[in-house]
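As given in TrEMBL:
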{"type": "DOMAIN", "residues": "A:23-234", "note": "domain 'MacB-like periplasmic core'"}
{"type": "DOMAIN", "residues": "A:270-389", "note": "domain 'ABC3 transporter permease C-terminal'"}
{"type": "DOMAIN", "residues": "A:666-771", "note": "domain 'ABC3 transporter permease C-terminal'"}
{"type": "TRANSMEM", "residues": "A:16-36", "note": "transmembrane segment"}
{"type": "TRANSMEM", "residues": "A:270-290", "note": "transmembrane segment"}
{"type": "TRANSMEM", "residues": "A:311-338", "note": "transmembrane segment"}
{"type": "TRANSMEM", "residues": "A:358-378", "note": "transmembrane segment"}
{"type": "TRANSMEM", "residues": "A:435-454", "note": "transmembrane segment"}
{"type": "TRANSMEM", "residues": "A:662-682", "note": "transmembrane segment"}
{"type": "TRANSMEM", "residues": "A:718-740", "note": "transmembrane segment"}
{"type": "TRANSMEM", "residues": "A:752-771", "note": "transmembrane segment"}
Amino acid sequence: MVMLRRKAIRDIKENFGVYLACIIVIAIGLLLYTSMSIAVESMDKAQQEFYTETNFADGFITVTGYPENKVNSLTLLPGIDQVTGRIVKEVRIIDQEKNSNKYLKMVTLNKSNATQINQIKLIEGQLPRENQPEILVDPKFLEVNHLSIGDSIDLSIDGNQVPLYITGTGQSPEFIYIMRNAQDLYPSAEEFGIAYISLDTLKVLVKEKGQVNDIVFTLEEGVSFDSVKDNLQAELKPYGFRSIVPRKDQTSHSILTSEIKQIRTTTKTLPVVFLGVAAIILYTMLRRLIEQQRVSIGTLKAFGFTDLEIVLHYLSYPMVIGTTGGLLGGLSGIALSFPLTTMYRNFFALPGLKSEFSFKYLFISLALALVFSVLSGIKGSLDILRLEPAQAMRPPAPGTARKTLIEKFSWFWQSLSSQAQMGIRDVFRTPTRSVFNVVGIAVVYSLMTVSWSMQNMTDLLTVVQLEQVQTYDVKLQLSEPSPTGATKYAVAHDPGVSRVEPILEVPASLRNGWLKKEVALMGLAEGSRLYNILDKNGLRLEVPDHGILLSEHLAKSLNVSVGDIIYVESSLRRETISQKGENLLVTGVVPQYVGLNAFMKDTELQHFLRQGEISTAMLIKMDPAEVGAMKSKYQNASNVSSIESRKDTGAKIEKMMESFGFTVWLLAILGGICGFALIYNSSIISLSERKRELASLRVLGMTPREVLRVITSEQWTLYAFGVLLGIPMAFVLSMSMAQSMSNDMYSLPADLPPMALLGAAVGTAFSVLVAQSRAYYKIKSLPYVEILATRD
Amino acid sequence: MDILMEGKNLRKNYSTGEVEIEVLKGIDFQIFSGEFIVILGQSGSGKTTLLNIIGGMTQASIGELYYKEQPLHEIDDQQLTLYRRNEVGFVFQNYNLMPNLTVYENVRLVAEIAENPLSVLDILREVGLENWKDHFPAQLSGGQQQRVAIARAIVKNPELLLCDEPTGALDIQTGIQVLKALQKLNLNYHKTVIIITHNVEIAKMANRVFYLKDGLLDDVKVIEKPLCPEEITW
Ligand SMILES: Nc1ncnc2c1ncn2[C@@H]1O[C@H](COP(=O)(O)OP(=O)(O)OP(=O)(O)O)[C@@H](O)[C@H]1O
Ligand SMILES: [Mg+2]
């Protein structure tokens, strides 16, 4: 069948642009699929392996002070397998720079790293020795702060300045995503890192001698966390029990896990959208090819080519497309997975996280592309094969020459040019293809809308958060909950301070049935101005005197709404007989973009905690010029754990949003390419179907531009319907995007501003125009005399 | 002489929308091996339809058709394909060349599936196209295209050669050249040839002439002494 092969090659060459467009769209879909799949698979595998290798804990406990020599006895509790007691302490780095704000979280290591829970994986250098001023730091901290092994850093530990030497770098399964606290959103290695130190070394440097303040444990096989929780809590009660958290709620683990989950979902949806558009292009193209070759097919049949031979010949077109698209998509996806995993490595300190050449995904991608192309091909070719050769060689019976619907609006119809009439009639004459194209344009349009609105959303979010919600200039975080009066008084008299508001943030666990969430419960003062809760319309909302307010995302994950009752517990609550928590009425659900909080009036919260007037931070409005002075004043104070200015927060939020920006633009550009491919394909189809008609128009003396109008009027009609259909699709898509991108740290509002709808319409129109300009060149070079000279 | 083909009461209906038209209204005929037959008849009388049925391009609505004693009206699609592939060479009224294959490739395309094809180049020489073999159909005149179509039918070296107006677009000289090629196949290789034509002169070459009228075989005329192509003119 050499000749048939030659025919296929010439056919493809003739309409190379369309095939290329199709290949590119398939490749884009597979590129996304492959790169994300490889990244997520590696992430998942690295996580599992790292956890196993380092014996990652099942539970995490914080206490005020538990005797070191009693730690081992906790293993006697039923269900507990291993226990490790540690001192975990956040210390400030003493720097030459005046108002630097760098912290290290010191985590102690047992005598033998090999037997403990949460072992440290040594990346470089050596483990710190016992009773030596030596530490291990996380590699990112070392790198970002331009430190090297052997350097010493000065730390302020419980009031003393202690120089410690860096002996190497290491990573722990506990700190894969390194964040100082949940409000930070984003790892920031310049300011915060993890240091590992021998327990013997640290315990003489801290004031609590012979005690640990942090306990991690593993469970025996098959034992659930909840079944050991109460026993542990009871045992630790007398030692200042603070919190007990299962692995699934541990910050680093839950962020990593939810990220993996989110990429997984995206991997399953986004590529499907692109492959869907590719399917539309491929199907309409093959359909057109086969319809146009009706006579050729009939002739082949007449000469005795078997159906199988003919089908295989026509499947060679989609097979070329599938193979090329699959290989291209698979290979470029594998290539992209390298920078992608590198990007994830910036967020996640996972030693095994790396990409490698994956035959598996190359194969999957090839197989996907082939199956999918061949299916469209088969679908497109079977009908004609059913015809007997005598029938196939005759031109198809014309569709009934009824007037199309639109022609009935005669005043509108008459006002159109005859080229427009030809084009529009065609839209209605080939309904299946038109519907496909409309759907394709709608998809492209909604992709663009979403990327446009995401851009808008993230900008909005930053502005709202910094200018309307967190209106303070400085937040002074206290190291422990302290009586409000004295602190507030002291701060209020600092230079430049114009307003001080206390705020009480306590860890709390909220429960509705089996649904449970650990959050920071925020107590706000009456009439507070420096932290505002906004309602849906962006108006400030006073916290009600009673009950509890939940953020939307929180309410959704607890499945509660206004008027429901939730059960609230907090480790800061002074317990009376067996009353660990209390049922509280949900008095409101409010939007919250950054953070995941519940809110109460401060007096109400203090009452709930059975504490007096206490607070955990001071929000300060002040002269920006004095911020530096304030920072240096308090950074050594033992009762202040951190000072954060609005500028720092803004920088953090912006940095986080930047990581969206890239995705969003990528999506818009890929959407544009799809739109171009779709319209280009449809112009080529119209062109080749109406070669004769258009050639006669040229012979009659029309300019290429006038002839083009036949095609463009068809396409603008499709475009108009596509945008109409695209608007509701955009709403659904942006809602689900916002939902899938929201997590416990931030939630994106599902909002489609008119600008986004308009912008996307312009963007889609642009890709239509680009595609049409290609069609224009084709018309210009149309060999009209030759076309009219040959018989079909 | 052996009977190669036999048709009994062949009828063909087409339904176009609501109306059903009967194109062939019961045709009986016999064709002998090695015959040269010409079908004459007015436009629309059903010539092409009859030839299509004979060639296995379509099946009669009613009636029986035997080829070498095998019933063609009872066989399935697959066997009909084999019949077309191995037994029949067809020249279509409107050529039906593959537009993006060259002259040579168009002929070779068919040669590739034939059981014992003739040499492509020999055939092209015979129809006078050896110098045009690398041209595409669009670069040829109507008559040249027609000759490619004939070459394509001959190259298979089929038992049965069916030609729907093979000389319609040709001038006398090339027409005669083509007819000579057909007659050579008929006489030297004992192939059966059936030609549809409007040209009464060509009928003089035939062993028998079928006159078709309104879907019926109106008359069959036996010609005692068929002429050579050189002897006819139009
Ligand atoms: N597939 C079809 N569907 C409907 N009608 C058909 C079909 N094929 C042929 N006909 C009709 O059958 C009649 C005979 O057609 P046919 O092609 O056999 O005529 P013909 O004798 O070959 O004419 P000509 O000399 O013009 O080629 C015509 O009226 C034609 O319209
Ligand atoms: Mg005819």
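Each residue, glycine too, has its Cβ placed from N, Cα and C.
What you are looking at is a predicted structure, and each value in this text was computed from that prediction instead of being measured.
Fewer than three CB pairs closer than 8 A are found between the transmembrane segment (A:311-338) and the transmembrane segment (A:752-771), and contact between the two stretches is not assigned (pairs 6 or more residues apart). Of the two recorded stretches, the transmembrane segment (A:358-378) lies close to the transmembrane segment (A:16-36), with three or more CB pairs under 8 Å once pairs fewer than 6 apart in sequence are set aside. Between the transmembrane segment (A:270-290) and the transmembrane segment (A:662-682), the number of CB pairs under 8 angstroms, six or more residues apart, is three or more, so the stretches are in contact.
In terms of DSSP helix, strand and coil, the domain 'ABC3 transporter permease C-terminal' (A:666-771) has 89 helix, 1 strand, 16 coil.
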